[in-house]
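S.K.: Okay, handing you the structure first.
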Amino acid sequence: MSQSSISVASSANAARRGSATSRRILIGLGWLVFVLFLLLPLLVVVSQGLKNGLGTFFSAILEPDALSALKLTVIAVLISVPLNLVFGVSAAWCVSKYSFRGKSILVTLIDLPFSVSPVIAGLVYVLMFGAQGFFGPWLQDHDIQIVFALPGIVLATIFVTVPFVARELIPLMQEQGTQEEEAARLLGANGWQMFWHVTVPNIKWGLIYGVVLCTARAMGEFGAVSVVSGHIRGVTNTLPLHVEILYNEYNHVAAFAVASLLLILALFILLLKQWSENRINRLRNSAGEE
């Protein structure tokens, strides 16, 4: 073997060793960041919630104000997520299937909640529907309360969760094109038949993924809901707001116990997210192989 060949081989081996070392360092740094900034704080929350035993933990969760906060959180999610589902599917359908004036504006508006602070969104609803707001006198005359009540909480939750379903479906529907819908139309299918039997089966896993993300965001929303709820204990407090109140009252064990409940719900949603994401990737890979 020539001297040049030996030199090239040794250089390649050194490069591989350097690449392997760099890879190990990056992986180690990634795990370090994960443990220090994600896993460790979550473990602290759970350990503090269980600090005085399971009896104290469950009594904090089953306390009437905590149950009221849990109930309100679930109600807000059950109302806001289906409404965002309808809007997300409609917006994704319009953006991906049609060309129209103002299309780019619609896409920009869908992303608006990502760039606007949730606190500002809550203030906007207070200025619109509060007692001194634009619609305030009319709402008072008709005995309708939006701010500091369930409707305001739902509106704030809808605002911050608007993009998730639409943003998941738009690229998916654009990638699939319109060939299958056109074929169904030629076979005599009407609009609803095309939607239910052609479009929905193609987007169902993306739809589930978007709904899971929307649900997670709705459950954990704090800023906008904090502004419009009024912090009325046992009436307009969601779980995140209830955690804040308990912590401000120096009832730290109860605060961490309720936070642990939120963590359990978040982990369950995370598992659903991962499952739906795996299904989407599997379907995309099988479509690519075909």
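Keep in mind that glycine also has a Cβ here, set from the backbone N, Cα and C atoms.
A TrEMBL annotation is a machine prediction, not a hand-curated record.
In case it's useful when we look at the structure, here is the feature table from TrEMBL:
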- 25-46: transmembrane segment (TRANSMEM)
- 66-93: transmembrane segment (TRANSMEM)
- 70-273: domain 'ABC transmembrane type-1' (DOMAIN)
- 105-126: transmembrane segment (TRANSMEM)
- 146-166: transmembrane segment (TRANSMEM)
- 207-232: transmembrane segment (TRANSMEM)
- 252-272: transmembrane segment (TRANSMEM)
S.K.: Suppose I define contact as three or more CB-CB distances under 8 A, residues 6 or more apart in sequence; do the transmembrane segment (207-232) and the transmembrane segment (25-46) meet it?
M.R.: no
S.K.: Give me the stretch from 25-46, 105-126, 146-166 with the greatest number of Cβ pairs under 8 Å to the transmembrane segment (252-272).
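M.R.: By the under-8 Å Cβ criterion, the transmembrane segment (252-272) pairs most with 25-46.
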